[in-house]
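Visitor: Structure provided below as C-alpha coordinates; questions to follow.
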(Lines of atoms letter the chains of each structure in order from A and count residues from 1; the text may use other names and numbers.)
(Lines give C-alpha, C1' and ligand atoms only; values in the text may rest on other atoms or scores of the structure.)
Protein backbone atom coordinates (compact mmCIF):
# COMPACT_ATOMS: atom_id res chain seq x y z
CA UNK A 1 0.00 0.00 0.00
CA UNK A 2 1.37 3.38 -0.98
CA UNK A 3 1.39 5.63 2.05
CA UNK A 4 2.11 9.26 2.60
CA UNK A 5 2.50 11.66 5.47
CA UNK A 6 2.39 15.44 5.27
CA UNK A 7 4.74 17.13 7.74
CA UNK A 8 4.12 20.85 8.34
CA UNK A 9 7.37 22.72 8.95
CA UNK A 10 7.03 26.36 10.05
CA UNK A 11 9.61 28.68 8.51
CA UNK A 12 10.74 31.31 11.00
CA UNK A 13 12.67 34.43 9.90
CA UNK A 14 13.25 37.88 11.31
CA UNK A 15 9.91 39.13 9.93
CA UNK A 16 7.82 36.60 11.90
CA UNK A 17 10.14 35.62 14.78
CA UNK A 18 8.31 37.69 17.39
CA UNK A 19 4.94 36.50 16.11
CA UNK A 20 5.98 32.85 16.41
CA UNK A 21 7.73 33.34 19.77
CA UNK A 22 4.75 32.33 22.00
CA UNK A 23 4.04 29.24 19.92
CA UNK A 24 7.69 28.10 19.97
CA UNK A 25 7.95 28.65 23.73
CA UNK A 26 4.76 26.69 24.38
CA UNK A 27 5.92 23.83 22.15
CA UNK A 28 9.28 23.65 23.95
CA UNK A 29 7.87 23.84 27.48
CA UNK A 30 5.16 21.20 26.91
CA UNK A 31 7.32 18.73 24.96
CA UNK A 32 8.44 15.30 26.13
CA UNK A 33 11.69 15.61 24.19
CA UNK A 34 13.20 17.99 21.65
CA UNK A 35 15.15 17.09 18.50
CA UNK A 36 17.49 19.61 16.87
CA UNK A 37 19.53 19.86 13.69
CA UNK A 38 21.71 22.55 12.10
CA UNK A 39 22.92 23.66 8.69
CA UNK A 40 26.44 25.09 8.77
CA UNK A 41 28.57 27.38 6.63
CA UNK A 42 31.40 24.85 6.69
CA UNK A 43 33.36 22.35 8.74
CA UNK A 44 36.97 23.09 7.90
CA UNK A 45 39.57 20.42 7.17
CA UNK A 46 37.90 17.03 6.91
CA UNK A 47 41.11 15.19 7.78
CA UNK A 48 41.28 16.90 11.18
CA UNK A 49 37.64 16.04 11.86
CA UNK A 50 38.47 12.36 11.39
CA UNK A 51 41.52 12.29 13.66
CA UNK A 52 41.99 9.12 15.70
CA UNK A 53 42.03 11.01 19.00
CA UNK A 54 38.66 12.32 20.16
CA UNK A 55 40.46 15.25 21.81
CA UNK A 56 42.00 16.19 18.45
CA UNK A 57 38.60 15.88 16.80
CA UNK A 58 37.07 18.14 19.41
CA UNK A 59 39.75 20.78 18.85
CA UNK A 60 39.14 20.67 15.09
CA UNK A 61 35.38 21.07 15.54
CA UNK A 62 35.96 23.93 17.99
CA UNK A 63 38.09 25.74 15.42
CA UNK A 64 35.34 25.28 12.84
CA UNK A 65 32.65 26.55 15.24
CA UNK A 66 34.68 29.67 16.12
CA UNK A 67 35.36 30.59 12.49
CA UNK A 68 32.14 29.45 10.82
CA UNK A 69 28.45 29.81 11.67
CA UNK A 70 25.03 28.17 11.93
CA UNK A 71 22.92 29.13 8.90
CA UNK A 72 19.68 27.50 10.01
CA UNK A 73 18.40 25.70 13.08
CA UNK A 74 15.73 23.00 13.13
CA UNK A 75 13.68 22.34 16.27
CA UNK A 76 11.16 19.47 16.45
CA UNK A 77 9.11 19.27 19.67
CA UNK A 78 7.57 15.86 20.41
CA UNK A 79 4.88 15.75 23.10
CA UNK A 80 3.67 12.35 24.36
CA UNK A 81 -0.15 12.31 24.40
CA UNK A 82 -1.60 10.28 27.26
CA UNK A 83 -4.77 8.16 27.14
CA UNK A 84 -4.21 7.29 23.48
CA UNK A 85 -3.58 3.99 21.76
CA UNK A 86 0.03 2.90 21.44
CA UNK A 87 2.58 5.73 21.48
CA UNK A 88 1.09 8.95 20.13
CA UNK A 89 3.01 12.22 19.90
CA UNK A 90 1.98 15.74 18.99
CA UNK A 91 4.76 17.09 16.77
CA UNK A 92 5.54 20.72 16.03
CA UNK A 93 8.47 21.53 13.74
CA UNK A 94 10.25 24.87 13.23
CA UNK A 95 12.93 25.82 10.72
CA UNK A 96 14.78 28.99 11.80
CA UNK A 97 16.80 30.90 9.19
CA UNK A 98 19.72 32.57 10.96
CA UNK A 99 22.30 35.23 10.14
CA UNK A 100 25.50 35.68 12.12
CA UNK A 101 26.29 39.40 12.30
CA UNK A 102 30.02 38.75 12.83
CA UNK A 103 32.54 37.82 10.15
CA UNK A 104 32.59 34.11 9.39
CA UNK A 105 33.92 31.71 6.78
CA UNK A 106 31.60 30.12 4.27
CA UNK A 107 32.99 27.29 2.15
CA UNK A 108 32.16 26.86 -1.56
CA UNK A 109 31.53 23.16 -1.00
CA UNK A 110 29.00 24.03 1.69
CA UNK A 111 27.26 26.57 -0.56
CA UNK A 112 27.02 24.03 -3.38
CA UNK A 113 25.58 21.34 -1.10
CA UNK A 114 23.01 23.67 0.48
CA UNK A 115 21.89 25.17 -2.83
CA UNK A 116 21.41 21.67 -4.27
CA UNK A 117 19.07 20.96 -1.37
CA UNK A 118 17.06 24.15 -1.71
CA UNK A 119 18.70 26.55 0.74
CA UNK A 120 17.90 30.16 -0.20
CA UNK A 121 20.89 32.40 0.56
CA UNK A 122 19.03 35.47 -0.68
CA UNK A 123 16.34 34.89 1.93
CA UNK A 124 18.97 34.24 4.57
CA UNK A 125 20.74 37.56 4.07
CA UNK A 126 17.47 39.47 3.67
CA UNK A 127 15.42 37.86 6.47
CA UNK A 128 17.82 35.82 8.62
CA UNK A 129 17.45 36.17 12.40
CA UNK A 130 20.58 38.00 13.60
CA UNK A 131 22.79 36.63 16.39
CA UNK A 132 26.23 37.02 17.96
CA UNK A 133 28.53 34.12 18.72
CA UNK A 134 30.35 33.37 21.95
CA UNK A 135 29.54 34.98 25.30
CA UNK A 136 26.59 37.29 25.94
CA UNK A 137 26.92 40.71 24.40
CA UNK A 138 24.96 43.44 26.09
CA UNK A 139 21.25 42.78 25.93
CA UNK A 140 21.50 39.43 24.18
CA UNK A 141 20.08 37.62 27.20
CA UNK A 142 17.03 39.88 27.26
CA UNK A 143 14.17 40.18 24.80
CA UNK A 144 13.20 37.81 22.06
CA UNK A 145 16.20 36.51 20.13
CA UNK A 146 17.92 33.27 19.23
CA UNK A 147 20.12 33.20 22.33
CA UNK A 148 17.11 33.67 24.59
CA UNK A 149 15.30 30.88 22.73
CA UNK A 150 18.25 28.58 23.39
CA UNK A 151 18.17 29.54 27.07
CA UNK A 152 14.47 28.64 27.16
CA UNK A 153 15.35 25.27 25.66
CA UNK A 154 17.80 24.75 28.54
CA UNK A 155 15.21 25.84 31.11
CA UNK A 156 12.71 23.31 29.73
CA UNK A 157 15.08 20.55 30.97
CA UNK A 158 13.87 18.05 28.40
CA UNK A 159 15.89 15.27 26.74
CA UNK A 160 17.71 16.60 23.68
CA UNK A 161 17.97 14.38 20.59
CA UNK A 162 20.52 14.76 17.79
CA UNK A 163 21.83 12.65 14.91
CA UNK A 164 25.59 12.32 14.65
CA UNK A 165 25.41 15.31 16.90
CA UNK A 166 28.82 16.12 18.35
CA UNK A 167 29.33 18.78 15.67
CA UNK A 168 25.82 20.16 16.23
CA UNK A 169 26.37 20.42 19.98
CA UNK A 170 29.72 22.21 19.60
CA UNK A 171 28.24 24.76 17.18
CA UNK A 172 25.16 25.34 19.35
CA UNK A 173 27.38 25.93 22.38
CA UNK A 174 29.61 28.42 20.58
CA UNK A 175 26.87 30.29 18.72
CA UNK A 176 24.14 30.56 21.35
CA UNK A 177 25.66 29.85 24.77
CA UNK A 178 29.31 30.83 25.41
CA UNK A 179 32.86 30.53 24.13
CA UNK A 180 33.87 26.89 23.87
CA UNK A 181 36.15 25.44 26.56
CA UNK A 182 39.53 24.13 25.44
CA UNK A 183 39.09 20.65 26.89
CA UNK A 184 36.57 18.02 25.83
CA UNK A 185 36.06 16.96 29.46
CA UNK A 186 34.94 20.45 30.40
CA UNK A 187 32.63 20.59 27.40
CA UNK A 188 30.92 17.28 28.25
CA UNK A 189 30.60 18.33 31.89
CA UNK A 190 28.92 21.55 30.78
CA UNK A 191 26.52 19.61 28.57
CA UNK A 192 25.63 17.38 31.51
CA UNK A 193 24.61 20.49 33.43
CA UNK A 194 22.88 22.17 30.52
CA UNK A 195 20.82 19.09 29.62
CA UNK A 196 20.31 17.10 32.85
CA UNK A 197 17.65 14.92 31.17
CA UNK A 198 20.31 13.66 28.73
CA UNK A 199 21.54 14.12 25.18
CA UNK A 200 20.65 11.19 22.92
CA UNK A 201 22.29 10.46 19.56
CA UNK A 202 20.12 8.53 17.09
CA UNK A 203 23.08 7.58 14.91
CA UNK A 204 24.43 5.55 17.82
CA UNK A 205 20.97 4.10 18.52
CA UNK A 206 20.57 3.18 14.83
CA UNK A 207 23.87 1.30 14.74
CA UNK A 208 24.01 -0.36 18.16
CA UNK A 209 20.35 -0.67 19.15
CA UNK A 210 18.24 -0.93 16.00
CA UNK A 211 21.11 -2.60 14.12
CA UNK A 212 20.26 -1.17 10.70
CA UNK A 213 22.43 -1.83 7.66
CA UNK A 214 23.16 1.91 7.39
CA UNK A 215 22.88 4.76 9.87
CA UNK A 216 22.70 7.99 7.87
CA UNK A 217 19.66 10.09 8.68
CA UNK A 218 17.39 9.57 5.65
CA UNK A 219 17.97 5.81 5.61
CA UNK A 220 17.35 5.46 9.35
CA UNK A 221 14.16 7.54 9.18
CA UNK A 222 12.66 5.67 6.22
CA UNK A 223 13.62 2.29 7.68
CA UNK A 224 11.93 3.20 10.99
CA UNK A 225 8.87 4.38 9.06
CA UNK A 226 8.73 1.11 7.12
CA UNK A 227 9.16 -1.05 10.24
CA UNK A 228 6.50 0.94 12.07
CA UNK A 229 4.11 0.43 9.15
CA UNK A 230 4.65 -3.33 9.47
CA UNK A 231 3.89 -3.15 13.20
CA UNK A 232 0.67 -1.24 12.55
CA UNK A 233 -0.50 -3.70 9.89
CA UNK A 234 0.50 -6.80 11.88
CA UNK A 235 -2.13 -8.23 14.20
CA UNK A 236 -0.78 -8.20 17.74
CA UNK A 237 2.54 -6.84 16.52
CA UNK A 238 3.19 -4.94 19.72
CA UNK A 239 3.27 -1.19 20.38
CA UNK A 240 3.53 1.11 17.38
CA UNK A 241 4.09 4.81 16.80
CA UNK A 242 1.50 7.41 15.78
CA UNK A 243 1.94 11.14 15.21
CA UNK A 244 -0.40 14.11 15.33
CA UNK A 245 0.30 17.43 13.62
CA UNK A 246 -1.28 20.84 13.88
CA UNK A 247 -3.61 22.10 11.14
CA UNK A 248 -2.55 25.72 10.66
CA UNK A 249 -4.95 28.45 9.54
CA UNK A 250 -4.95 32.20 9.10
CA UNK A 251 -1.63 33.99 8.97
CA UNK A 252 0.24 30.93 10.28
CA UNK A 253 -0.68 28.99 7.16
CA UNK A 254 1.50 31.29 5.04
CA UNK A 255 4.58 30.31 7.07
CA UNK A 256 4.17 26.56 6.68
CA UNK A 257 6.22 24.44 4.31
CA UNK A 258 4.33 21.14 3.84
CA UNK A 259 6.73 18.25 3.40
CA UNK A 260 5.35 15.14 1.73
CA UNK A 261 6.86 11.87 2.98
CA UNK A 262 5.66 9.46 0.32
CA UNK A 263 6.96 5.94 -0.05
CA UNK A 264 8.17 5.35 -3.59
CA UNK A 265 6.65 2.03 -4.67
CA UNK A 266 8.44 1.90 -8.03
CA UNK A 267 12.00 2.59 -9.00
CA UNK A 268 12.59 5.05 -11.80
CA UNK A 269 16.04 5.53 -13.21
CA UNK A 270 19.11 3.32 -12.60
CA UNK A 271 18.47 -0.16 -11.17
CA UNK A 272 22.01 -0.54 -9.84
CA UNK A 273 22.57 0.88 -6.35
CA UNK A 274 25.51 3.17 -5.63
CA UNK A 275 27.27 1.19 -2.91
CA UNK A 276 28.95 4.22 -1.39
CA UNK A 277 25.70 6.15 -1.11
CA UNK A 278 23.94 3.01 0.14
CA UNK A 279 26.43 2.69 3.00
CA UNK A 280 27.02 6.34 3.93
CA UNK A 281 24.30 8.47 2.33
CA UNK A 282 27.00 10.40 0.50
CA UNK A 283 28.66 10.09 -2.90
CA UNK A 284 31.50 12.24 -4.29
CA UNK A 285 29.81 12.25 -7.72
CA UNK A 286 26.60 13.76 -6.32
CA UNK A 287 23.71 14.04 -8.75
CA UNK A 288 25.98 13.12 -11.67
CA UNK A 289 26.46 9.58 -10.35
CA UNK A 290 25.04 7.07 -12.88
CA UNK A 291 23.96 4.70 -10.08
CA UNK A 292 20.83 4.90 -7.95
CA UNK A 293 20.73 7.16 -4.87
CA UNK A 294 17.06 6.32 -4.18
CA UNK A 295 16.88 5.56 -0.45
CA UNK A 296 13.54 3.74 -0.72
CA UNK A 297 14.98 1.49 -3.42
CA UNK A 298 18.11 0.89 -1.32
CA UNK A 299 15.99 -0.19 1.65
CA UNK A 300 13.95 -2.51 -0.59
CA UNK A 301 17.15 -4.17 -1.79
CA UNK A 302 18.40 -4.53 1.80
CA UNK A 303 15.09 -6.13 2.80
CA UNK A 304 15.33 -8.60 -0.10
CA UNK A 305 18.91 -9.47 0.82
CA UNK A 306 17.90 -10.01 4.43
CA UNK A 307 15.01 -12.28 3.43
CA UNK A 308 17.20 -14.30 1.04
CA UNK A 309 19.80 -14.85 3.76
CA UNK A 310 17.08 -15.94 6.15
CA UNK A 311 15.77 -18.49 3.65
CA UNK A 312 19.27 -19.83 2.93
CA UNK A 313 20.00 -20.17 6.64
CA UNK A 314 16.69 -21.99 7.18
CA UNK A 315 17.47 -24.30 4.28
CA UNK A 316 20.97 -25.08 5.66
CA UNK A 317 19.48 -25.80 9.08
CA UNK A 318 16.90 -28.16 7.61
CA UNK A 319 19.61 -29.97 5.63
CA UNK A 320 21.79 -30.27 8.72
CA UNK A 321 18.89 -31.74 10.70
CA UNK A 322 18.30 -34.34 7.99
CA UNK A 323 21.98 -35.31 7.89
CA UNK A 324 22.03 -35.66 11.68
CA UNK A 325 19.11 -38.06 11.46
CA UNK A 326 16.74 -35.86 13.42
CA UNK A 327 13.23 -37.15 12.88
CA UNK A 328 9.92 -35.51 13.68
CA UNK A 329 8.66 -36.61 17.11
CA UNK A 330 12.12 -37.60 18.33
CA UNK A 331 12.76 -36.68 22.00
CA UNK A 332 16.01 -35.05 20.91
CA UNK A 333 14.32 -32.75 18.39
CA UNK A 334 14.86 -29.09 19.07
CA UNK A 335 11.78 -26.89 18.72
CA UNK A 336 11.87 -24.25 16.00
CA UNK A 337 12.73 -20.81 17.28
CA UNK A 338 9.88 -18.38 17.01
CA UNK A 339 10.40 -14.94 15.53
CA UNK A 340 11.66 -12.57 18.15
CA UNK A 341 13.81 -15.18 19.92
CA UNK A 342 17.57 -15.58 19.94
CA UNK A 343 17.46 -16.83 16.34
CA UNK A 344 16.19 -13.43 15.30
CA UNK A 345 19.15 -11.77 16.97
CA UNK A 346 21.43 -14.21 15.17
CA UNK A 347 19.68 -13.30 11.92
CA UNK A 348 20.32 -9.62 12.46
CA UNK A 349 24.00 -10.23 12.96
CA UNK A 350 24.15 -12.51 9.91
CA UNK A 351 22.70 -9.91 7.58
CA UNK A 352 25.65 -7.62 7.78
CA UNK A 353 24.07 -5.02 10.01
CA UNK A 354 27.04 -4.62 12.28
CA UNK A 355 28.20 -1.02 12.65
CA UNK A 356 30.33 0.35 9.85
CA UNK A 357 33.88 0.79 11.04
CA UNK A 358 34.91 3.29 8.40
CA UNK A 359 34.11 6.86 9.33
CA UNK A 360 31.16 8.28 7.48
CA UNK A 361 32.27 10.75 4.81
CA UNK A 362 31.57 14.32 5.71
CA UNK A 363 30.07 17.12 3.79
CA UNK A 364 28.19 19.96 5.46
CA UNK A 365 25.34 17.99 6.78
CA UNK A 366 26.13 14.53 5.69
CA UNK A 367 25.36 15.66 8.37
CA UNK A 368 -7.77 12.76 16.87
CA UNK A 369 -9.26 13.95 20.17
CA UNK A 370 -9.26 17.61 20.89
CA UNK A 371 -6.65 18.67 23.37
CA UNK A 372 -6.87 21.48 25.93
CA UNK A 373 -6.12 24.91 24.59
CA UNK A 374 -2.91 25.29 26.57
CA UNK A 375 -1.40 22.09 25.18
CA UNK A 376 -2.64 21.34 21.69
CA UNK A 377 -4.08 24.58 20.32
CA UNK A 378 -2.28 27.86 19.99
CA UNK A 379 -3.36 31.25 18.71
CA UNK A 380 -1.34 34.32 17.94
CA UNK A 381 -2.63 37.85 17.50
CA UNK A 382 0.60 39.69 17.04
CA UNK A 383 2.34 40.87 13.93
CA UNK A 384 0.15 42.51 11.32
CA UNK A 385 -3.09 42.00 13.24
CA UNK A 386 -4.22 38.82 11.49
CA UNK A 387 -4.65 35.76 13.65
CA UNK A 388 -3.57 32.21 13.05
CA UNK A 389 -4.66 29.04 14.78
CA UNK A 390 -3.12 25.60 14.82
CA UNK A 391 -5.35 22.66 15.64
CA UNK A 392 -4.35 19.05 16.13
CA UNK A 393 -4.48 16.87 13.02
CA UNK A 394 -4.05 13.16 13.68
CA UNK A 395 -1.85 10.96 11.50
CA UNK A 396 -0.44 7.44 11.85
CA UNK A 397 3.33 7.76 12.03
CA UNK A 398 3.84 5.00 9.50
CA UNK A 399 2.08 7.14 6.90
CA UNK A 400 -1.53 7.98 6.14
CA UNK A 401 -3.24 6.39 3.13
CA UNK A 402 -3.60 8.77 0.26
CA UNK A 403 -7.38 8.70 0.56
CA UNK A 404 -7.28 9.67 4.25
CA UNK A 405 -8.10 13.22 5.41
CA UNK A 406 -4.42 13.95 5.92
CA UNK A 407 -3.44 12.46 2.61
CA UNK A 408 -5.97 14.80 1.01
CA UNK A 409 -3.64 17.64 1.77
CA UNK A 410 -1.30 16.37 -0.90
CA UNK A 411 -2.76 18.98 -3.25
CA UNK A 412 -1.82 21.67 -0.75
CA UNK A 413 1.64 20.24 -0.45
CA UNK A 414 2.00 20.21 -4.21
CA UNK A 415 0.84 23.82 -4.46
CA UNK A 416 3.35 24.88 -1.83
CA UNK A 417 6.17 22.75 -3.14
CA UNK A 418 9.04 21.88 -0.82
CA UNK A 419 12.24 23.75 -1.47
CA UNK A 420 14.02 20.67 -2.70
CA UNK A 421 15.75 17.81 -0.96
CA UNK A 422 15.43 16.55 2.58
CA UNK A 423 18.46 18.36 3.95
CA UNK A 424 16.71 21.25 5.66
CA UNK A 425 17.33 21.74 9.37
CA UNK A 426 13.64 21.64 10.31
CA UNK A 427 12.78 18.44 8.46
CA UNK A 428 16.04 16.80 9.51
CA UNK A 429 15.13 17.56 13.14
CA UNK A 430 11.73 15.93 12.55
CA UNK A 431 13.37 12.80 11.14
CA UNK A 432 15.77 12.68 14.09
CA UNK A 433 12.87 12.85 16.54
CA UNK A 434 10.97 10.18 14.62
CA UNK A 435 13.88 7.73 14.91
CA UNK A 436 14.17 8.36 18.64
CA UNK A 437 10.44 8.00 19.32
CA UNK A 438 10.35 4.76 17.30
CA UNK A 439 13.34 3.39 19.22
CA UNK A 440 11.60 4.27 22.49
CA UNK A 441 8.46 2.48 21.30
CA UNK A 442 10.41 -0.69 20.51
CA UNK A 443 12.27 -0.62 23.82
CA UNK A 444 9.18 -0.75 26.01
CA UNK A 445 7.30 -4.00 26.51
CA UNK A 446 3.73 -4.35 25.16
CA UNK A 447 2.33 -4.41 28.72
CA UNK A 448 4.09 -1.22 29.75
CA UNK A 449 1.60 1.68 29.74
CA UNK A 450 3.98 4.47 28.83
CA UNK A 451 7.47 4.99 27.40
CA UNK A 452 8.32 7.46 30.16
CA UNK A 453 11.05 5.05 31.30
CA UNK A 454 13.21 6.23 28.44
CA UNK A 455 12.06 9.86 28.57
CA UNK A 456 13.21 11.17 31.95
CA UNK A 457 11.48 14.27 33.24
CA UNK A 458 13.71 16.50 35.33
CA UNK A 459 11.92 18.57 38.01
CA UNK A 460 12.14 22.32 37.81
CA UNK A 461 15.04 23.26 40.07
CA UNK A 462 18.44 24.85 40.00
CA UNK A 463 21.00 23.28 37.68
CA UNK A 464 23.21 20.67 39.38
CA UNK A 465 26.84 21.36 40.16
CA UNK A 466 29.30 20.54 37.39
CA UNK A 467 30.31 16.90 37.37
CA UNK A 468 34.00 16.34 37.90
CA UNK A 469 34.02 13.08 35.99
CA UNK A 470 31.67 13.32 32.99
CA UNK A 471 30.50 10.10 31.31
CA UNK A 472 33.28 8.55 29.24
CA UNK A 473 31.95 5.22 28.02
CA UNK A 474 29.28 6.43 25.63
CA UNK A 475 28.26 2.99 24.39
CA UNK A 476 27.50 1.68 27.87
CA UNK A 477 25.76 4.93 28.79
CA UNK A 478 23.28 4.89 25.88
CA UNK A 479 22.62 1.19 26.38
CA UNK A 480 21.69 1.99 29.98
CA UNK A 481 19.48 4.87 28.87
CA UNK A 482 17.54 2.80 26.32
CA UNK A 483 17.31 -0.40 28.38
CA UNK A 484 17.24 0.59 32.05
CA UNK A 485 13.85 1.32 33.67
CA UNK A 486 15.53 4.14 35.57
CA UNK A 487 18.00 5.80 33.18
CA UNK A 488 20.74 7.99 34.50
CA UNK A 489 21.03 11.57 33.43
CA UNK A 490 23.99 12.36 31.25
CA UNK A 491 25.31 13.06 27.80
CA UNK A 492 26.49 10.77 25.06
CA UNK A 493 29.45 12.40 23.38
CA UNK A 494 32.24 10.30 22.01
CA UNK A 495 34.20 8.91 19.13
CA UNK A 496 31.27 7.06 17.63
CA UNK A 497 29.40 10.30 17.00
CA UNK A 498 31.65 11.41 14.15
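Any Cβ shown, glycine's included, is placed from N, Cα and C.
TrEMBL feature annotations, pasted as is:
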- 307-319: compositional bias 'Basic residues' (COMPBIAS)
- 335-348: compositional bias 'Basic and acidic residues' (COMPBIAS)
- 268-296: domain 'C3H1-type' (DOMAIN)
- 300-412: region 'Disordered' (REGION)
- 268-296: zinc finger (ZN_FING)
Visitor: Quick one: mean pLDDT on the domain 'C3H1-type' (268-296)?
Guide: 75
Visitor: With DSSP helix as H/G/I and strand as E/B, how many residues of the compositional bias 'Basic residues' (307-319) fall in helix, strand and coil?
Guide: 13 helix, 0 strand, 0 coil
Visitor: Could you put numbers on the helix, strand and coil content of the zinc finger (268-296), residue by residue per DSSP?
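Guide: DSSP classes over the zinc finger (268-296) add up to 11 helix, 2 strand, 16 coil.
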